[in-house]
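Q: Summarising the annotation, Swiss-Prot assigns ATP binding site to T29, L30, G31, P32, K50, D86, G87, T88, T89, T90, G415, D495.
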Amino acid sequence: MAKEIKFDMESRDLLKKGVDALANAVKVTLGPKGRNVILSKTYGAPHITKDGVSVAKEIELECPFENMGAQLVKEVASKTNDDAGDGTTTATILAQSIIGVGLKNVTAGANPMDLKRGIDKAVKAVVTHIAGMAKEVGDDFQKIEHVAKISANGDENIGSLIAEAMRKVKKEGVITVEEAKGTDTTVEVVEGMQFDRGYISPYFVTNTDKMEVQMENPFILIYDKKISVLKEMLPILEQTVQTGKPLLIIAEDIDSEALATLVVNRLRGSLKICAVKAPGFGDRRKAMLEDIAILTGGTVISEETGLKLENATMDMLGTAEKVTVDKDNTTIVNGAGNKEGIASRITQIKAQIENTTSDYDREKLQERLAKLAGGVAVLYVGAASEVEMKEKKDRVEDALSATRAAIEEGTVPGGGTAYIRAIAALEGLKGENEDETTGIEIVKRAIEEPLRQIVANAGKEGAVVVQKVKEGKDDFGYNARTDVFENLYSTGVIDPAKVTRVALENAASIAGMFLTTECVIADKKEDNPAAPAMPGGMGGMGGMM
C-alpha cells in the first residue's frame, strides 16, 4: 500500500491537532466540578463517564496523521492508568501543555533535543520536590477516605466504603469491585480463604434453601491428582467416618464412578462429605494447594513428594473451624495451620511479588497473599440503571487505585496545588544553554495547567486563582468544590504522591518524543477503492430440481 510522508512543521501541526482533539475531550472531566462525557456504543445504551482514560480510549480520528497524535497522548493516559490507576486526565493536560508550548519554540528555531533535555531536568527536580512534600498515610483511614473521595469525583459514600474495606482487610488484603444486584453500594468481607471452585455435585448440599454445603470442624483432604477409583480412598474414608466429622475433598477431579459412590453414601447419610476441584491451573494450582495445606495444617498428598492416596493417614488431613461451599466458591474459615508456617509462607509470596516482572503474575500472587494474610473484600456497586452503574464502577475502580497509590508513596495537597508548590524547585534551575533553560520554563508553565483546568471547569478565572495559590505556602490551595481558599490537608483535599509523579513523568516522556519528531509516515487513503468483483454464477447445477 502506498504511504504518505509529511515532514517538519507540517507533520508536527497535524500531530498537534490530534493531541488537542483528544486532550480537549478528556480535560472537561477534571476536578470536583468536572463535566461528564457521553460515549456512543454500537450495542446498548450510551456510556456516561468522568474517567479520563475511558474517554481517551474511545477516540479515533479520521485523518491518519491527526490520529497518530491522538494515539500518542492516549498512550500517556493508558500508561498512567496502568502505573498509578488514576491521574489520567492530569497526565493528558500536562502532555498537551508541554507539547503546545514546546512546538511553538521548535517552530521559532529552538533545538528540539536541547528542549527535551531541559524538560527532563525540570521533571526530575519536580519529582524530587513532590517526594519531599509527601506525607505517609500509614493506618490513617481518614486520609484513605479523603483520597478515595477525591478520586471518585467527590463521592463521600464511595470514600467511606473504600476506607471501611481497607480497614477490614488491611494493606495485604485484596479488594475487588463487582456489580450489585440492587441499587445499594455495599462492602462485604470474606473471612479466611476463598477460592473459585464450587461443589462437583449438587447432591452434596446440606442447606437446600441456600444451596450450600456447610461443614463444622471438617477434615480437609488435599490431593493433586484425579481420583479415578474409590478403592484408593477407602482407607482414609473409613478413618474419618469413625471420627464422625465431615470431610472436604479437594482434588484435581473425581471420576464419575467414584463420584457416584460418594454421592450415594452421602444421600444415605453414612458419609458427611463434599468434593471440590482444585483451584488454578498448572504450577499455580500446586502453589494454591500448598497454601490451603499450610492454612489448614494439612499436607498436599502428591506422588511427586512420594505420598500416595491409599497410604494417607489422619495427620495428613487439614482442619478448619468452618467450611462453606456453594456452586461457585469454597470458603475456609479459621484454618488450623500454625502461625509460624503461615507467616513464613506470606514472606515467601511477598518475595515472589518483589521479583516478578509480569503484571498478571503479580496480581495472582497478590490474591494468594490476601487469602493467607488479610482476607478479601468485595465492593458491590449498585445503581438505578446500567448506565449509571458503569459510570459509578469506573469511579470506584479509580478511587481504589488512588488509595493503593497513596498507601505506597504518601499524599500531597490536592487540587493541582502540589504542582504549584513544586515551581519553587525550578526557580534557580538553569540549563547548559538557552534552549535547555527554555525547556525548564516550559515545564514551569505546564505544571500550572491542572489547577487552571480545575478552576475553568468550576466556572472561575484560572489566572486569578493560580496567582493567589502561588502567594500561599505549603498546603494552602483552592478547594473547587466549595469555592474557598484554605489549607487543603485539614479539609481532606489530598492526592496520592505517586499519581502526581507518574502523571508528570509520562506526560513529559511522550511530549519529548513529540518535539523531537521530524517526519511522520501513514498509509495513503485511496480516493475511490474499486468495488470487489461479483462472484461467478452457479454453473453446472442445471440438473437439480
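The backbone N, Cα and C atoms fix where each Cβ goes, and this holds for glycine too.
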Q: As a test of the contact definition, list every same-chain residue at least 6 positions from G415 (ATP binding site) whose Cβ is closer than 8 Å to its Cβ.
A: G31, L451, I454, G477, Y478, N479, A480, L488, V493, D495
Q: Using a 10 Å cut-off, grab the number of neighbouring Cβ atoms around the Cβ of G87 (ATP binding site), all chains included.
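A: 32, counting other Cβ atoms within 10 Å of G87 (ATP binding site).
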Q: List nothing but the largest Cα to Cα distance in Å, as a whole number, among the residues T29, L30, G31, P32, K50, D86, G87, T88, T89, T90, G415, D495 that the record says bind ATP.
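A: 17 Å is the greatest Cα spacing among the residues binding ATP.
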Q: For K50 (ATP binding site), which residues in the same chain are close in space, meaning a Cβ under 8 Å from its Cβ, but six or more apart along the sequence?
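A: Once residues fewer than 6 apart are set aside, K50 (ATP binding site) is near T29, G34, R35, N36, V37, N153, E391, D394, R395.
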Q: Which one, from the binding-site residues T29, G31, T89, has the smallest tally of other C-beta atoms lying within 10 Å of its C-beta?
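A: With the binding-site residues T29, G31, T89, fewest surrounding Cβ atoms within 10 Å: T29.
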